[in-house]
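Notes for the one structure printed next.
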Amino acid sequence: MSVNMKGRSLLTLLDFSSEEIRYLLDISKQVKMESRSRLRTERFKGMTLAMIFEKRSTRTRLAFETAFAEEGGHAIFLSPNDIHLGTKESLEDTARVLGRMVDAIMFRGYKQETVEKLAEYSGVPVYNGLTDDFHPTQALADLMTIEENFGRLKGVKVVFMGDTRNNVATSLMIACAKMGMNFVACGPEELKPRPDIFERCQEIARETSASVSFTSNLEEALAGADVVYTDVWASMGEEDKEKERISLLKPYQVNKRVMEMTGKPETIFMHCLPAVKGQEVTYEVIEGKQSRVWDEAENRKHTIKAVMIATLL
């Protein structure tokens, strides 16, 4: 099928079909090869990207800014201290002004409602660089990394360990369901996936001959896993809950024993970063031969560039 995504925003992968995600991954492969050969095509020459950050960032800022600059574009960093973002001026009005002056907007912050309003009122493509609910650009990089390792996505088993209701787990669950993969959320009952998103992903999985499930049982979750994935136990804004989370999530630490429980020496370990080594994952695993976290981090740039190419050109 012919895919045309020009003018689209990326707010959540729930808005994208399997074919559209496949299209983005194919572009990602192409731009990664270009990057390796130092090819610069200046696709975004004369364009401006506004990057709004309510939350700190390493990978997201670097990925968007370098991806846009490599193609000849100009990226502007904006913090809440730099612009009116719902204070003294409505969010709707800020979005309208931005839309008259830039070609695209990236937002990384707290409320999903904020990125949705930016998309509704700006009239230009808006990219979700992370909200409390979703992290779609991370999920695209995850898919790219998995496919690079296994040569396919269909049928790959992915186990997310720990806080399975956080934004990274949620977006990865959506991505796996869309692409025909088998996703297992493994963690305590108190931190199980959001019921509405979980049920929607199960519906999608039935359509793609995949599966989406939750369990607190490590043996059940890990048997035959191709990918073991985890994230920090206390996300940004939840630092006050860290002690409680450590107690709750300690049984779900990814360590050598957990990796061996898959029964597959080719199982890979993934983490969106930043990581608290010795907490959600041991130093031995994240620095070991099964770890793909640095490939995963690099792939943020290539998949983000692909999203911008698909929606701006």
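Cβ atoms are placed via backbone N, Cα and C, with glycine included.
Under DSSP, Arg59 (carbamoyl phosphate binding site) is assigned to a helix (H, G or I) in the three-state scheme. Feature annotation from Swiss-Prot assigns carbamoyl phosphate binding site to Ser57, Thr58, Arg59, Thr60, Arg108, His135, Pro136, Thr137, Gln138, Cys272, Leu273, Arg300.
The feature L-ornithine binding site is assigned by Swiss-Prot to Asn167, Asp231, Ser235, Met236. The secondary structure of Ser235 (L-ornithine binding site), as reduced to three states from DSSP, is coil rather than helix or strand. Around Ser235 (L-ornithine binding site), the same-chain residues at least 6 positions away in sequence with a Cβ under 8 Å from its Cβ are Asp163, Asn166, Asn167.
In this structure the C-alpha atoms belonging to Ser57 (carbamoyl phosphate binding site) and Asp231 (L-ornithine binding site) are separated by 15 Å.
The shortest Cα-Cα distance between Asp231 (L-ornithine binding site) and any of the binding-site residues Arg59, Pro136, Leu273 is the one to Leu273. Around the Cβ of Asp231 (L-ornithine binding site), a 10 Å sphere holds 27 further Cβ atoms from the protein chains shown.
Around the Cβ of Arg108 (carbamoyl phosphate binding site), 22 further Cβ atoms fall within 10 Å across all displayed protein chains.
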